[in-house]
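Database features, via Swiss-Prot:
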type	residues	note
BINDING	183, 184, 208, 209, 267, 285, 294	ATP binding site
DOMAIN	65-165	domain 'THUMP'
């Protein structure tokens with residue numbers, strides 16, 4: 001049976017449609033992002049940008065997997081589907097539906113008129129198709145528990161038919177909100193934080209702090225895989241990973257006179273080093289009260305290390321269950337739970353302070369006369385790479 005149909009991908013914008021006068025700014029950035037991604041992935045299909053959606057034409061079977069993966073990751077896309085597009089002739093639509101339903105015993109139709117000039121309303125046209133399919137092919141339409149559901153969109157010159165929708169990440173296009181540096185560990189929280197800010201339009205890079213890198217190659221490889229996953233192998237954002245050798249600084253911090261402040265001082269070092277790269281903001285996976293260093297008192301003292309730097313903590317009020325749910329949604333969970341050597345846990349004292357005082361921190365830092373030089377040296381080495 002020759003159906004003369006063309007496979008297309010249709011992707012919807014989601015909240016971009018609601019942006020009013022600023023809408024064109026966001027949709028223009030989304031177009032740029034798609035063009036860059038297609039070029040990197042060597043996809044040459046033609047694209048039409050409509051008011052509330054994108055249509056990619058002439059989808060080949062071998063392209064579906066990579067396009068599905070890309071549009072699942074691409075911020076700014078709320079949902080998408082692959083569809084068969086045929087000329088708007090009822091006999092061709094019936095033939096396509098029969099070909100689609102022939103291996104099933106029951107079906108359901110959903111019809112949407114995007115072309116409001118179409119003579120029949122959606123409900124009547126759906127009934128008409130169901131009767132024709134039963135008369136010609138003895139196919140039975142049902143309301144409850146059908147084996148297959150076909151969605152039909154009526155366009156000006158074509159019908160679109162599809163059976164499955166895929167959820168996108170939603171949000172705003174990358175590069176529409178500035179550039180952020182994410183403090184990325186190998187755990188569950190920071191990859192989720194990175195994914196959330198990317199959804200809000202940030203172009204992101206990553207920095208991770210490793211002690212004795214030669215002994216932590218597996219950890220570095222794990223964090224690299226997370227960075228590549230979040231950035232879709234640098235296809236949808238910059239995705240650069242900076243690996244900061246923390247060994248010399250850690251050897252300094254081990255000698256402070258009050259070991260309960262170790263983690264607080266260590267995180268202040270992280271903030272100071274990361275802020276020297278002059279991004280629009282820093283992003284962390286900190287969650288209020290989740291661990292000893294993340295009490296409100298400690299977070300205030302840690303943040304005071306970089307008073308002129310904007311710190312974004314997307315997870316600050318989330319429960320662990322919610323963060324795990326998001327990690328699974330962003331596909332980072334499986335990598336995050338792989339075992340690795342963690343700088344914080346290796347360095348943590350038996351009784352970490354939960355109520356750090358800035359006066360005590362400043363006194364302890366004054367004991368470490370080489371600390372700032374070591375931070376600047378580490379930043380300089382990465383800046384010159």
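Cβ from N, Cα, C; glycine included.
Annotated features taken from Swiss-Prot, shown on the structure.
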residue	record	DSSP class
183	ATP binding site	strand
208	ATP binding site	strand
267	ATP binding site	helix
285	ATP binding site	coil
294	ATP binding site	helix
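All protein chains shown were included, and the count of other CB atoms within 10 Å of the CB of residue 267 (ATP binding site) stands at 23.
Comparing local CB density within 10 A for the binding-site residues 183, 184, the maximum falls on 184. Summary: among the binding-site residues (208, 294), the fewest other C-beta atoms within 10 A of the C-beta are counted at 294. Spanning the residues 183, 184, 208, 209, 267, 285, 294 that the record associates with binding ATP, the maximal Cα-Cα distance equals 18 Å.
For the domain 'THUMP' (65-165), the DSSP counts in helix, strand and coil order read 37 helix, 31 strand, 33 coil.
For residue 285 (ATP binding site), the same-chain residues lying six or more positions away in sequence with a CB closer than 8 A to its CB are 183, 185, 187, 188, 189, 190, 191, 192, 193, 313, 315.
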